[in-house]
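Structure, as C-alpha cells:
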Protein chains: 4
Amino acid sequence: MQVDAIREFMRESFPQAKVDVLTVGNKGSMLRQEIDFSHLRPGGTVSGPTLMGLADAALYVAILGEIGLVALAVTTNLNINFLRKPAADRALVAECRLIKLGKVLAVGEVYLYSEGSQEPVAHVTGTYSIPPKRDGN
Amino acid sequence: MQVDAIREFMRESFPQAKVDVLTVGNKGSMLRQEIDFSHLRPGGTVSGPTLMGLADAALYVAILGEIGLVALAVTTNLNINFLRKPAADRALVAECRLIKLGKVLAVGEVYLYSEGSQEPVAHVTGTYSIPPKRDGN
Amino acid sequence: MQVDAIREFMRESFPQAKVDVLTVGNKGSMLRQEIDFSHLRPGGTVSGPTLMGLADAALYVAILGEIGLVALAVTTNLNINFLRKPAADRALVAECRLIKLGKVLAVGEVYLYSEGSQEPVAHVTGTYSIPPKRDGN
Amino acid sequence: MQVDAIREFMRESFPQAKVDVLTVGNKGSMLRQEIDFSHLRPGGTVSGPTLMGLADAALYVAILGEIGLVALAVTTNLNINFLRKPAADRALVAECRLIKLGKVLAVGEVYLYSEGSQEPVAHVTGTYSIPPKRDGN
C-alpha cells in the first residue's frame, strides 16, 4: 500500500518523468526508468542530467518512505561520480540507501546501473533538507 | 567566430537543449536557457536536473573554448549545492570559470542565476576528463 | 574588534592549529597557516587533511563573522578538488566567500593558495548546519 | 604478505599518522586509527580533518592493493558527508570499497565508524588520478 501511495504521488508530482518505483521502505528504494531518444547524448549514451534526475528521485522516494507524503523535502546537495558509459538501449535502475535520517537533514547514496549489468554507471550522494513539523498537527 | 563555431557545435550535439552560448573564451563561458513547462517541478520551481544540465553544458563549452572542438571530454564528477528557489518564469543564466586546465583533467565552477537576479540559485563544481591527443595529428 | 574577538575564539577553540585570521566580515574571510614538517607528505607537498582543515576553518570563521560567536555551527558536507601541488616551503592562504546564509544552512566556497602564488592549489565548497536560536535568549 | 608490504609502505610514507591497515585486497581496505587528544575538537569530538585523512588513506591503500606500490596516485576529489558525532574515546574504523578502477581514474567510497558502533559517523567518496605506466618498465 505504501509503495502504491508513493507511486501515485510520484506520478502526480512528476508527470513528465518515466520513473517507476520498484521498491521502497527499510531506508531504501529501487527505481527504474525507461530510456528513449530524449535521454540520449551524442555517442549513444544516456545524458548526465537523466542520471542525476533518477538518483534525485530515488533519494526523494526513500525519504518519503520514512517520513510520509506530507512533508516537502528539498535537495540541498548532490554529488555524482560518472563511472562507466551507460547503455543507450537499456533501462536505468537506481538503488538507494539512506545513511542518515535526521530531523533536519537526510543523507543517502545511490548506485545507478544499466539494467542487467553488475557494474554501476554512476554513484551519487545527496542531502535533503527536511522541513520542520508544524505545531498543531 | 569561435563562439559561432561552438554554438553550431552545441546545436548539432544537443538538439533537444534550448541552450544559448552567450560568451566563451578566457577560460570561461556564459550560457542562457529558456525555461518552459517541461523544466518545472511541483511548487513552481525549476527542476534540479535542468540546473545540473545547464551547468554541465557551461563547463563543456568553457573547455571547448580552450582545447577546441575536436576532443571528446566527458564529465567525471559534478557537485551541486542548491541555494535558492529558481524563478519559474525566468530564464536561467550560467556563469562558468575554469580553475584548472590540465592535460588529463579540467576543473571548473559554475554559478547559476534566474535571469535578472544577483543571488545565485545554485553553485556547481565539475571535473572533466580530457582525452589524450593522438600521435601523428 | 570583531576580528580580534574571532581570533581569540579560534585560538581558544583550536589551540593546536596554527591558523591566523587575516580578515573576516562581509560574508567572507581570509586565513593564513604556516606550514611545517608535520603538514608535509612524501614528495614534499602539503597533506590533503591540512588543506581541508584550513578550508573548513575559513568557512567557520566566515560564518562566525555573520552570526556571532554564540552559535555552534557544524560542517555537514565538504567537497574538495585538489588542483595543483602546494609548495612545501610556503604558508597556505585561504580565501572564503559565503554564497548562502540561511537560517538552517550556510554554504560557502574557499580557494586555497600557496602564499605568493596566483594559481589555487585547491577549491572547496562546504555546508554548515546552523543551530536554531533558543527562545528567551 | 601484500598487507605487510602495504603496512610497511604506509608507515614509511606517513610516519606521523597512527593508521593501522587491517585488511586490503579485493578492491577494498579496512583501516583503524587510534584517537588521542591531538585529534579532538571542542565539544569532545574528532576533528573533520582527522576523518578526512583516514578516509583518504583508506582509498589510497585500496588502490595500492590493486595496482601495487610502484605507482604514485594522487587524490583529485574528495567529498565528505558528516553524519554523526564521533566518539572522542574510541578508535576510528574506515571501510573502503573501490567502485571504479580505470586506467586514469579510480573512484571509491569509505564509511567511517567509531569502533564498536554500527552507525557511520561520515561517508566519503574520493577520486584518485593514476599515473600512466612508463614504457620500458
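Every residue gets a Cβ built from N, Cα and C, even glycine.
As recorded in TrEMBL:
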type: DOMAIN; residues: A:43-119; note: domain 'Thioesterase'
type: TRANSMEM; residues: A:57-80; note: transmembrane segment
### Query
the transmembrane segment (A:57-80): which same-chain residues, six or more beyond its ends, come within Cβ distance under 8 Å?
2, 5-6, 9-10, 14, 17, 19, 21, 24-25, 27-31, 48, 51, 94-98, 101, 105-106, 108, 110, 122-131, 133
### Summary
For the domain 'Thioesterase' (A:43-119), the DSSP residue counts stand at 20 helix, 31 strand, 26 coil
### Task
Compute the average pLDDT of the predicted model within the domain 'Thioesterase' (A:43-119).
93
